[in-house]
Each structure stands twice: as structure tokens, then as C-alpha cells.
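Everything on this sheet refers to the single structure shown next.
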């Protein structure tokens with residue numbers, strides 16, 4: 001029987017999921033996105049050729065793989081078409097490989113307008129959203145006024161529903177945020193223009209995945225963002241609007257949770273965060289600059305500079321707990337090359353002197369803590385491009401071993417560069 005594997009980020013996103021998903025899809029029949037939207041940025045480098053995907057699953061470059069956008073994903077039709085056209089220009093037969101759930105909530109222009117208006121109104125308290133309408137679209141879903149992909153297939157009903165929801169949101173835009181209203185007729189025309197095209201790719205995702213499971217076909221579920229950005233378990237309110245954790249697989253695709261066999265947590269050898277929010281191990285010094293520059297730490301979606309810091313084992317333990325992580329993939333180990341010493345956060349010290357080894361439940365708690373750091377010797381040798389454990393310096397191996405001890409979870413894959421070939425698979429999640 002084929003295995004069903006989840007690949008997700010265990011930090012604040014940008015861990016290197018796209019490369020690992022692409023690598024593992026060699027053994028998968030289906031690759032499924034189950035949450036988020038085009039706020040995610042997954043970078044693939046194959047033989048030096050770089051591809052950045054935001055909405056379409058990373059397996060789209062494989063000719064033996066069907067890619068699925070599940071119901072938990074909020075879908076922006078214009079962003080999807082931009083991505084499809086980019087891939088088609090490169091010779092990728094997207095229509096043959098991509099399937100979409102009719103239950104995906106739609107992101108429409110008024111969602112983006114609201115997102116931008118709210119961030120502007122927050123001023124210095126801005127959350128740091130991508131401004132792409134993700135949050136407002138999820139709000140409409142939960143409020144049961146949202147429009148879904150399937151609504152596009154009845155033009156008359158769609159027009160009625162759209163008019164109702166736009167009256168509500170345009171009132172907020174003009175009267176509360178003092179912004180321009182979004183044009184109803186233009187929004188309607190643009191949405192209906194691609195209805196038939198989207199319909200040709202729609203399917204019953206839950207049924208398809210269940211039949212695939214019964215047939216023994218391996219399925220890979222691709223997470224976006226990271227555990228610490230989860231709407232329920234992240235550094236609230238500095239979080240995304242979806243469930244980025246393993247639990248989101250079932251709700252965002254309709255796949256039964258008992259059928260998940262392996263959860264691969266992607267963990268960078270250090271930590272980064274983009275946008276606002278607490279970050280106990282953040283390095284605002286020359287070492288932070290070194291990590292940011294060497295690691296090319298700029299967001300794939302927004303281009304924003306990421307904030308670097310030491311690896312936070314306290315937060316990673318929470319990620320292991322929430323996701324039932326089976327094993328880790330350690331990425332960007334090579335970025336630590338050349339440092340005299342490397343540090344790991346093993347506890348949080350509060351102002352009264354007490355030390356905790358578990359994370360707070362909200363952003364305010366994180367703001368109070370100081371990281372308790374364990375120092376280990378660094379290494380001068382390069383790990384870049386290493387393809388076997390024997391090629392790694394002893395100090396790097398000691399660092400990996402210490403992480404496994406602290407997390408009580410094996411590191412099954414090690415990534416030492418951006419190309420899919422620069423990877424060591426010690427234990428294959430599909431084996």
C-alpha cells in the first residue's frame with residue numbers, strides 16, 4: 001500500500017518546504033494543498049532553474065503527478081491564472097495535472113482592498129499581512145457569506161450573491177476605512193470570464209483522495225506557511241488565517257485523519273520570521289546580518305527581508321507535539337558554515353527568573369521572555385552541496401545529534417543547498 005505523507009513547516013514559514021515537496025513527489029501520485037492561498041511562496045530550484053509557486057502545488061513540474069487544490073485553500077482566480085500562464089509558457093501542461101475543489105472560497109478584489117485598508121488603519125500595530133485578501137476571504141467563509149468556486153457555475157445566482165456581499169464590504173471600505181469602493185460590474189465580469197475554464201478542472205477532492213488511498217496510490221499533502229503561524233496554535237494575533245498544522249490536512253482536503261502515515265516537519269537550521277510579531281531568538285547584530293545575507297532571506301511572495309535568529313527548540317517541541325511530527329528535514333545547514341559557535345534556545349526565562357520549556361499561548365507571553373541559549377562549537381568547513389553524512393564536519397554532526405536529543409525526534413532528511421540534488425535522505429517518508 002502507498003503511504004500518505006504530510007510535509008509542513010514547523011517554524012514561521014520559509015523553511016524550504018517547496019524543494020522537499022518537489023523531491024518527494026518523485027514517489028507520489030498526488031500532491032495536495034490544503035490551506036492558505038497565494039500568500040505562500042514555494043521556491044523550487046531544479047538544475048539551477050528557479051520556479052516560484054504561490055498557489056499551485058509544488059508537484060506540478062512532475063509529469064507523473066496530479067496536483068490538487070483542496071477546499072481549505074482560498075483561491076484568487078487572477079492569481080491562479082497568472083501562475084497557470086507562467087507555467088504554460090515554460091511548457092508545463094497544467095490542465096492535465098491540476099484539479100480543484102469546488103468548495104474553495106474565492107478571493108475577490110474587495111478582499112484585497114479590505115486587507116490593505118485594515119493594515120493601513122492599524123498603523124504601527126500592523127500584523128504584516130501580504131495584502132492579498134487571505135484573511136478577509138477566510139472571514140467570509142466563517143461568516144457563511146463567502147463565495148466559492150462552485151458558485152461561479154451558476155452565473156445568475158453568483159451575481160446575486162456577489163451583489164449582496166459587495167454591498168456589505170463596500171460599505172465598510174467607504175464609510176469606515178474612507179477608501180474607494182470596488183466596482184461590482186467589473187468584479188462580476190472578471191470572475192465569470194474564467195468560470196468555464198475553472199469548471200474543467202474541478203472535482204470531488206475528498207472522493208478522489210479516498211479512491212486513491214484504497215488503490216494504494218501514495219499521496220503527499222503540502223503545507224504552506226508554518227506551525228507558529230497557525231490561527232489557533234501560533235503567536236496570535238501575529239498569525240495567518242488558516243490551520244497550518246497537520247490537523248488542517250483533514251479539514252482542508254476531506255481526507256480521513258486516521259489514514260495519515262507520516263508527518264515530515266521542515267525545520268531550518270536557524271530561525272527566521274517575516275513581518276511583525278514576537279521572536280525570542282532574533283539576532284539584531286552582525287551574526288543576524290550574516291545569516292540573512294548568506295541564507296538569502298527575502299520572502300518569495302513579498303520580497304520582504306526576513307528577521308533571522310537562532311534555532312528555537314522550545315517552539316520546535318510545541319510543533320512536534322501539535323503535529324505528531326514523525327521526523328524532521330533540517331534545511332539550510334550550510335548557512336551556519338563559518339560561524340565560530342552556534343546557539344540553540346533551550347528555554348524561556350521570565351522577568352521573575354523562572355525558566356519555562358514550553359511556549360506561551362499568545363504573542364503577549366512571548367514578549368516577556370528572554371531565550372536561554374546553549375552554545376555549541378561551530379565549523380569552518382563547508383557543508384554546501386554535501387550528499388552524504390560522511391561529508392559533514394564533526395561539529396555539524398554534533399549539532400544535528402543535539403537537536404535530535406532535545407526534540408526526541410529523528411532528523412530523517414538533511415538539505416545542504418537549494419537544488420533538489422543537494423539533499424541527504426536518511427529515512428524516506430514513503431518507505
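From the backbone N, Cα and C atoms, a Cβ is placed for every residue, glycine too.
IMP binding, as stated in Swiss-Prot, involves 14, 15, 16, 17, 39, 40, 41, 42, 130, 144, 225, 304; the candidate among 160, 240, 245, 293 given for that site is 240. Rounded to the nearest whole angstrom, the C-alpha distance between residue 304 (IMP binding site) and residue 14 (active site, proton acceptor) is 12. Counted within 10 Å of its Cβ, the other Cβ atoms near residue 41 (IMP binding site) come to 21, all protein chains included.
Closest to residue 416 (GTP binding site) by Cα-Cα distance, out of the recorded positions 14, 39, 41, 225, is 14. Between the listed binding-site residues, namely 39, 130, the fewest other CB atoms within 10 angstroms of a CB are found at 130.
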